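What TrEMBL lists as active site, proton donor/acceptor is Tyr142. If you look up TrEMBL, you'll see Lys172 marked as active site, schiff-base intermediate with substrate. Taken from TrEMBL, the feature pyruvate binding site covers Thr51, Val215.
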Amino acid sequence: MTSRKKLQGLVAATITPMTPDGQINIPVIRQYVDYLVHEQKVKNVFVNGTTGEGLSLNTQERKQLAEEWVCQGKDKLDHVIIHVGALSLPESQELARHAAAIGASAIAAIAPFFFKPTNKDELIAFLQKVASEAPGVPFYYYHIPPVTGVKIRVEELLDGIKERIPTFQGVKFSSTDLLDLAQCINKNEREQFEFLYGVDEQLLSALAIGANGAVGSTYNYLGRKNNLMLQAFAKADLALARQYQLLTGEFLNFVLKLGFGVAQTKAVMTFVSGIPMGPPRLPLIDASEEFIVKAKAKLDSIVWPDGD
């Protein structure tokens, strides 16, 4: 699992399966890995991020999940990226050391979002302290300003970052600021870094700008469809690629109006895959039965270009 192969294509932002009483459901992950690989054709995962409720888990739970994904992904998954970001620097460093010890492909970290960094130097100082605890492991910055409130542009962050963080590999870019993304890619002419887009309904736009791939929650249950979009884009069949993107957007637009977040993502994944993802952890509450009925009907009604 220590492959240095370039990370491209789709990366599923993994859900954390939970039992009805709110404990992490470790035994389900083996089935989950097989489902992603065989049914969705997705062989890369991002563990303990936003979709995985990483910041709602304690350190031991995050370690258990990381270990299980690395173990079950051995010889099946290409990349297992472990998100180690936390509000506490020592906690984040501990998680980084653990991820390195278990053989994770890479680590990633968000900016701390209670006491926030206010400029590039403060943010890089924090990230450097995290990345340095796993000196042999590629490091990604997880840029998600709608959640963290840290709006330091990535374009600015990239200047000199490799000197400060030698393991810096790229960015999980979960922002709709495509101008910032474009400027990052423009600066990255030698393809030194990887830019993985994190707003699923805008992936085609990011690909057109030059994104290497994508990390997202919908790739858990719409991975095969999005892979077909990537194939169409690679063949310069933009009309077909647009069809896939617009249909994904049609579903997301529908569920967003109903109220769509991690809890609802768990519900969708459960009815699509048949794997019980369980409830979210408080303060999130379970998806309503009304949401499940309407979301399932909508997804079933979509006619995809491949006829499925």
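Glycine too: its Cβ is placed from the backbone N, Cα and C atoms.
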- Note on the structure: Close in space but at least six residues away in sequence, with Cβ under 8 Å from that of the residue listed as 'active site, schiff-base intermediate with substrate', the same-chain residues are Phe46, Gly49, Ala108, Tyr140, Tyr141, Tyr142, His143, Ile144, Leu196, Gly198, Val215
- Message: Is it possible to get the count of other C-beta atoms within 10 angstroms of the C-beta of Val215 (pyruvate binding site)?
- Response: 28
- Query: For Thr51 (pyruvate binding site), which residues in the same chain are close in space, meaning a Cβ under 8 Å from its Cβ, but six or more apart along the sequence?
  - Reply: Ala13, Thr14, Ile15, Ser217, Asn220, Val262, Thr265
